[in-house]
């Protein structure tokens, strides 16, 4: 006997809440009233307005009349915002920079202003220094300044236009500019960035003739260029020349040398540079240690790099090399060297150094993949005991692992620790844990977390309820799923596609196919359109119940409703037809599948090939096998070939069966040699 219709009683039409709407309207009126004056005052300082003026024919007069007075009070931050607004039109950015530079060097030389202009010129450029642009700038009573020229040159270097940068450099006198160290540096750096190190050297040698003295930036650009090319000895010569000129190498100089020696495979020299750097009183930065560690792992291999680096770190006080330890731990973890990473953590701990939460999370993520779960839990417990606070992701990782091992008590322990550490800071964080528990079939624990969530002042949302409904449905607890659905409706939420699909899945799991179909039909009344997953749940359920014709009807309805079926939509009925030995219908469905543009997977091919072989329709099986092997995404496995070999043997085609076996052996041998 069929049960009563599911949805009409379960999903009553609730009136829309009006109190909240009234609050929102009231708040909007207040904000409109109080923000009126603010809007008027902001109009004069609107970056979008400034950008629109820059696009006009008489742009200089317009922007000067409206923004000259406010700009003095707004400062460089306003220029940065306007440059970001105009980033899609780099010429407008140049106009803005030229105009703003008239109001002082603090606009022209501001680092953030130059960076915003440089990014626009690089991403949407190039902007060439044409005669028309020069005439436009000079016509406004402005000049192409040294600062603007340097930003343009830098953008050309980033775009690989070093040759053009040199051409403009030669034409500088026409712009009323003479070469300075800053301009030389820009051209040299642009050449190095574009890979033209020889051109950079030519400008470097020309500097004294123009009365310009190289500075630290000049030498660093050249050191960077030769190190990138692997000419490390030339980099050392430059550093000596630099020191001979009374210029002290800085942290960037040494960092580039370290990276260069690592790239050249000279690991000991790289360590020597770091030692010399420390002796000279130059403090290494995180970038220095990162260059050393990553460079060694890249050039020496993981095992050798770890041996050398760990030995070097042990001979130095740990607290002075936190960045080195962190980088080494990162490389070990990313290379799945969990044992070595944990060993290094213990060494650091013995020297009184406790890992930060982020780095500890990276190590634990590696350890959870490679080591015993009990040992990973010990690491977490020890970290907590020493005052560490694992992050949210670490707890989720451990809890998921424990739930998969059915160690519920330990999972509950870490959940309690998460609550006490205050890691639940939003509805999203609660939902992640609820989802984790529901997928592990621990729906009752998930409901307890919902209670904790409510007691902490967080209201469940639709995702929360959908997760619980899905969890109950997968367990076949339709009654509990209905109770959650009722609660969802009472709180004013409307069911969505996930709600319906989860509920239909639960009903199918509980063999209540009539109710599941009623639920499916009710979806349109609630303005919810079924998707391919909804159809697939019902198609699989009807096929499992032996009602494959109903499944085919649903498949046809899906196509008529404009929903594209996927491989799972076809696999279930094909498999059912094969079990029923209705091979022709299965084969026809397979053909329809190809015609519809749905690519079969290995399950589709194997099911059909085995069924054809069982019916001794070997020629058709071979045809489909050939189609399978011609697919670049799917490889025929050993069982597929053995099905054909067995069928050939049964019909007495021993010679052909032998050929298939030889082909299979050759393929396996080829795969073995490739591995």
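Keep in mind that glycine also has a Cβ here, set from the backbone N, Cα and C atoms.
Unlike curated entries, TrEMBL annotations are predicted automatically.
Mean per-residue pLDDT, taken over the repeat 'PPR' (180-214), amounts to 92. Among the features that TrEMBL reports, repeat 'PPR' is placed at 180-214 (among others).
Taken from TrEMBL, the feature domain 'PROP1-like PPR' covers 184-313.
The feature repeat 'PPR' is assigned by TrEMBL to 215-249 (among others). Within its own chain, the repeat 'PPR' (215-249) is flanked in space by residues 181, 184-185, 188-189, 191-192, 197, 200-201, 204, 207, 256-257, 259-261, 263-264, 266, 269, 280, 282, which lie at least six positions past its ends and keep a Cβ under 8 Å from the stretch.
For the repeat 'PPR' (250-284), the DSSP-based tally of helix, strand and coil residues reads 26 helix, 0 strand, 9 coil. Residues annotated as repeat 'PPR' in TrEMBL: 250-284 (among others).
Per TrEMBL, repeat 'PPR' is recorded for 426-460 (among others). Beyond the repeat 'PPR' (426-460), the same-chain residues lying 6 or more positions past its ends with a Cβ under 8 Å from any Cβ of the stretch are 392, 396, 399-400, 403-404, 408, 411-412, 415, 418-419, 467-468, 470-472, 474-475, 477, 480, 491.
Long-range contacts of the repeat 'PPR' (461-495) within the same chain: residues 6, 10-12, 14, 17, 427, 430-431, 434-435, 437-439, 441, 443, 446-447, 450, 453, 502-503, 505-507, 509-510, 512, 526, 528, each at least 6 residues beyond the stretch ends and with a Cβ under 8 Å from a Cβ of the stretch. Taken from TrEMBL, the feature repeat 'PPR' covers 461-495 (among others).
Sequence annotations record features per position, and here TrEMBL assigns repeat 'PPR' to 496-530 (among others).
Tertiary neighbourhood of the repeat 'PPR' (531-565): same-chain residues 497, 500-501, 504-505, 508, 511, 513, 516-517, 520, 523, 572-573, 575-577, 580, 589, 596, 598, selected by CB-CB distance under 8 Å and a gap of 6+ residues from either end. According to TrEMBL, the feature repeat 'PPR' maps to 531-565 (among others).
In the repeat 'PPR' (566-600), helix, strand and coil residues by DSSP number 26 helix, 0 strand, 9 coil. Under the heading repeat 'PPR', TrEMBL lists 566-600 (among others).
Per TrEMBL, repeat 'PPR' is recorded for 601-635 (among others). With a cut-off of 8 Å between Cβ atoms, the residues of this chain six or more beyond the repeat 'PPR' (601-635) that come close are 567, 570-571, 574-575, 578, 581, 583, 586-587, 590, 593, 641, 643-644, 646-648, 650-651, 653.
Counting residues per DSSP class in helix, strand and coil order gives 26 helix, 0 strand, 9 coil for the repeat 'PPR' (531-565).
Residues 216, 219-220, 223-224, 226-228, 230, 232, 235-236, 239, 242, 291-292, 294-296, 298-300, 305, 308, 312, 323 of the same chain, all 6+ positions outside the repeat 'PPR' (250-284), place their C-beta atoms under 8 angstroms from a C-beta of that stretch.
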